[in-house]
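Note sheet for the following structure.
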Amino acid sequence: MAALRAAKQAMRREIKKRVAALDDQEKLRQSRVISQKLFKHPNYASCERIAVFLSLHDEVRTEEIIQDLFKHGKTCFMPKYLTQGTSNHMDMVKLTSMEDMMSLPLTSWNIRQPAANDNTREEALETGGLDLILMPGLGFDRNGNRLGRGEGFYDTYLERCMTHPKGKPYTIALAFREQLCQDIPVGNNDVLIDEVLYDVLD
């Protein structure tokens, strides 16, 4: 267990360094390529209830994707992270518009999310479940292994999805090329991703 934790930490440091070396223009360029790939993806086209992360500075930009979801009348859900004591709990709550997103308060991570006392929003698993989750992460390999930030939010949420009548949604990770690794070290609680989208070099 300690060896796995150390291997993950070392890999996180290495990937963070690689992504930090990218300038904003290149991050934007890769993000646009990935967004266009996603828009042509059959699973994206056929899915109605989609959860998407609001990107941090070192993640693939998702604003264009969120705009596209609203444009095509899909139901958009976003993460709401609740850190209570030692337990890290995440819900996927409904976003109604781009204006709704822009009006959300900023957290200490500098991402927008509903306030802790905002309990009015639909939570995906309390209603119709999810068809697709667009996954963030620090690193990925081509076998669908994912390296998160170590909090376990998404792995725990996917386990909850499995108990929903709809079952586990399809998962697509969005990654810069610099986030791809040969092999990601994984443990028993790490959930496999169905697919990783990234900008392929010609």
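For all residues, glycine too, the Cβ spot is worked out from N, Cα and C.
A quick note: this is a predicted structure, and the numbers were derived from the prediction, not measured.
Counting Cβ atoms from all protein chains shown, ARG149 (ATP binding site) has 14 others lying within 10 Å of its own Cβ. TrEMBL lists LYS8, GLN9, ALA10, MET11, ARG12, ARG146, LEU147, GLY148, ARG149, GLY150, GLU151, GLY152, PHE153, TYR154 with the feature ATP binding site.
If you look up TrEMBL, you'll see LEU54, GLU59 marked as substrate binding site.
Of the listed binding-site residues, namely GLU59, GLU151, the sparsest Cβ surroundings within 10 Å are found at GLU151. Between the CA atoms of LEU54 (substrate binding site) and ARG12 (ATP binding site) there is a gap of 20 Å, rounded to the nearest whole number. ARG12 (ATP binding site) and GLU59 (substrate binding site) have their C-alpha atoms 13 Å apart, to the nearest angstrom.
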